[in-house]
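K.L.:
The structure that follows is given in the form of C-alpha cells.
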Amino acid sequence: CLKAIMPFGNTHNNFKLNYKVEEEFPDLSKHNNHMAKALTKEIYGKLRDKQTPSGYTLDDVIQTGVDNPGHPFIMTVGCVAGDEESYEVFKDLLDPIISDRHGGYKSTDKHKTDLNFENLKGGDDLDPNYVLSSRVRTGRSIKGYTLPPHNSRGERRAIEKLAVEALTSLDGEFKGKYYPLKSMTDAEQEQLISDHFLFDKPVSPLLTCAGMARDWPDARGIWHNDSKSFLVWVNEEDHLRVISMQKGGNMREVFRRFCVGLQKIEEIFKKHNHGFMWNEHLGYILTCPSNLGTGLRGGVHVKLPKLSTHAKFEEILTRLRLQKRGTGGVDTASVGGVFDISNADRLGSSEVEQVQLVVDGVKLMVEMEKKLEKGEAIDSMIPAQK
Amino acid sequence: MASSFSRILSSKRNVGILSLVGGSVAAGFLLHREQVTAGEPLRRRYPASAEYPDLRKHNNCMASNLTPAIYAKLCDKTTPNGYTLDQAIQTGVDNPGHPFIKTVGMVAGDEESYEVFADLLDPVIKERHNGYDPNTMKHPTDLDSSKLHSGNFDERYVLSSRVRTGRSIRGLSLPPACTRAERREVERVVVDALAGLKGDLAGRYYSLTQMTEKEQQQLIDDHFLFDKPVSPLLTCAGMARDWPDARGIWHNNEKTFLIWVNEEDHTRVISMEKGGNMKRVFERFCKGLKEVERLIQERGWEFMWNERLGYVLTCPSNLGTGLRAGVHVKLPLLAKDSRFSKILDNLRLQKRGTGGVDTAAVGGVFDISNLDRLGQSEVQLVQTVVDGVNYLIECEKRLEKGQDIKSGPA
C-alpha cells in the first residue's frame, strides 16, 4: 500500500533518472570512507531508481559521505539510513559496508542480543583508584518512524511525544524528568551543563550533511532520573540515546541499571504498538551503520599514565577488542594519562559479551599499570587475541 | 512524470527556436503562472498543523510571512522537479536570524518555485523589495551602458569599482536542489559559452577540482578564489552539497571580468577594476553579459528571466537585476558623522566593510553599493550609485574644509 513520504531530502529522484549513471555518479577520487570504498557505478546504477516507502533514496544515503571525503587515517562510514527499510532496499551497498566495518560480518550472519545483566561475570570490583567512572550507552529507534536524517517536524514531534510519555511513566530508581531543549529555563540549562548532560546542536559536518540538525532544537530534549545515573537523549543522532553511568568502577551496577531501564522502556513502547527496531540479522537498527547490533559502547575513564606510553599499548587494546579515546569523547585527546577505554565491537556479539570484554580488559590493564609502577615487566601478561 | 512544462524545457532545440522568435521575452511568456503546473502532490503522514515550524524566536522574512494557513495550502505541493515548501524554508527554520538584521529565510530550488510557492514568495518579495508586487508590477531590464552619465569618480577617494550580478540557466535546477548531473551540465554549458569570448573578454576557466596549487595561490592573491560556503544560511539550504564538484572560476586575461560557476547561483558575473572608472566597469559588465547570453543561446539555452521578477536567482533578495554595484571609497570624516547612515538611506545606498557583507570598515574605507535590486533597471541602479557616491565625496570634501553638509542632495 502507498505510504506517506517525508518531504525533505534528495527529491528529484525521478527527474535525475533522465541523466546517465556516469553523469550522476559522485566523484570519489579523493575520498576515504566505507561508502566510497564500496560504491561502484554498477551498484549506483542498480539502486538509484529505488526508494524506501517513505521516499528515502540512494543519494540521501550517501550524501554525507560525498560531502565528507574523510581522513587518511580514520575511516568514517560515509552513509546513513533514513528509515528501517533503508537497510533492505539499499542492501547491495550497505551489506559490504557493514561487513567491512564490522569485522567481516556476512549478510547471512545472525546477531545475538543479551540484555540479561546477570550473565555478566564480576565487574563490581574495578579499582576506583584507577577507574574514575563507568558508563554504558546505546541507541534505540522506534519502529514505524523514520530516522533523524529524514524525518519531518511532525514525525520528530510524534517521536518526542511518545518517548516522553514512556519515560515519565517510569518510577522507582527510574523516576525522572524531561527537559525539552527549546523551553528549558536558564537555571535548568546551567544545571544540565554542570552535570555534563546537555548536548549541543551537532556541528560535525558528518551529521549536518546528513540532515540530522534540521529544525534544531525542535522536539529535542534530555530526560534523566532524579539520581542522575540514567539519562536519555531524544532526537539527537538517533531517536533515543540511552546512557547509564556513575562515578567509580562498579560497571556491574551500571550495566544492571542499563539493562533494567532499557527493558522497562521497551515494554512501554511495545504497549503503544511501537517497539524498537530490531531484526535477527542486524540487531538494533540505528541511523549509522557503525552502531548496528548492540549499538553499545561500554567504557570507563581510567588512569593509565604508564601503560599508555608502553610500546605495546595499542597492540594490547587491539587484542582485548577495546579502543581508546580522550576523556572528551570521540576525537579528543587524553588529559593527565586518563583515557576513555571502551569496546570496539558492536555487531556480531551480545551486550553481555561486549561489556564482559570491557570489564576483563580494564581489570587486566589496571594490573599492568600497577606492575609498571613497581618497575616490573608486563610481557607475560599480554593476552592472546580475543 | 514530467509535466508538459518540463518537457518543453528539457528540449533544448525548442528553447532555441523560442529564442529566435523573441529571446527571453517569449520564453518568459511561457512561465506565466497560470501555465505552470505543479508536480505530483506529496502524500503526507501528518496534518499541516503538526508540521508547521515553531517560528516564535525567528526574525526573517519567511517567518514573518509564513502563516499556518499559507503553510497548510502549500505544504503538499511540489514543483515539477519535486522541490517542496519544506525544502524552500529549511534555511529560515534552521537560522532564526538576528534581532537587528533581517535575512530572507528561504530560497528557490528551481524557477518554478517562484510560481508554485507564490503565496509565500510574493509577500516575502514584497517585504524585501520595498512593496514590489510581482502580481501587478513589471520589472524593467536595461543593460544599455551608454545611458550612464558621470560615471568617473575622483580617484583620490574611490579606490576600486565593481558591478556584480547572477544568472541562472533555464531548465536546470538551482543550487539548493540541483543533482550532480544538473550541476555538471550548468558548468558545461557556461564554460563552453565562455570559451567563445574574444578580445578583452577572452579568458580561462579554473575548475575547483582540477586547479593546480600554483593556480590556486594565484587566484587567492588576486582575491578571486571562493571557498566552500560555511555560512549556515547557505549550508542549511543544501548549496554546499557535493563540494567542490562542478564548481570553478573563469576570468578574462586582464582580470577585469570574472565568473563564479555553481557557488550560490549557477553563475555570478563580476566586472571590476582599480580606480574610479565605473562607466568602463559597467560597459564591460553589459557587453560581457550580452555576449555570454548570445553564446548560450547559440547552443539552445537561455537565462531564467520573466517580466514580473526579472532575472531569477536562488535567493529572493537577488531578483530583478541581481545587481550590486559598488565602490571602495575613503570617507574617514563622513564615517564619524552621525548623519552618515541617514545620508546613505536617503541615497538608497548601503555600506559594508571592505571584506564584503558582514565585515567592518578598515581605515575609513567603505564598500558603498545600491540597496535595491528589483523594480528598477540596471542602468537606474548604477546611476543611483554614481550619483550617490559623487554626493558622498562632495560631503567628505566639504567636511575636509570644515564646511557643513546636508543629509541629502537638493
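Keep in mind that glycine also has a Cβ here, set from the backbone N, Cα and C atoms.
Copying in the features that TrEMBL gives for the protein in this structure:
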BINDING   A:133-137, A:His196, A:Arg241, A:297-301, A:325-330  ATP binding site
DOMAIN    A:16-103  domain 'Phosphagen kinase N-terminal'
DOMAIN    A:130-372  domain 'Phosphagen kinase C-terminal'
K.L.:
Can you tell which of the binding-site residues (A:Arg241, A:Arg325) has the fewest other C-beta atoms within 10 angstroms of its C-beta?
P.N.:
A:Arg325
K.L.:
Counting only residues 6+ apart in the same chain, whose Cβ is under 8 Å from the Cβ of A:Ser133 (ATP binding site)?
P.N.:
A:Met245, A:Gln246, A:Lys247, A:Gly248, A:Val300, A:His301
K.L.:
Write out how many residues of the domain 'Phosphagen kinase N-terminal' (A:16-103) are helix, how many strand and how many coil, based on DSSP.
P.N.:
44 helix, 6 strand, 38 coil
K.L.:
In sequence order, what residues of the same chain, 6+ apart, have a Cβ less than 8 Å from the Cβ of A:Gly299 (ATP binding site)?
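P.N.:
Once residues fewer than 6 apart are set aside, A:Gly299 (ATP binding site) is near A:Ser134, A:Arg135, A:Val136, A:Asp340, A:Ile341, A:Ser342, A:Asn343, A:Val358.
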K.L.:
Validating a neighbour-count step here. Other CB atoms within 10 A of the CB of A:Val136 (ATP binding site): how many?
P.N.:
27
K.L.:
Between 0 and 100, where does the mean pLDDT of the domain 'Phosphagen kinase N-terminal' (A:16-103) sit?
P.N.:
95
K.L.:
What does DSSP call A:Ser133 (ATP binding site) in the simple three-state scheme?
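P.N.:
Strand, per DSSP.
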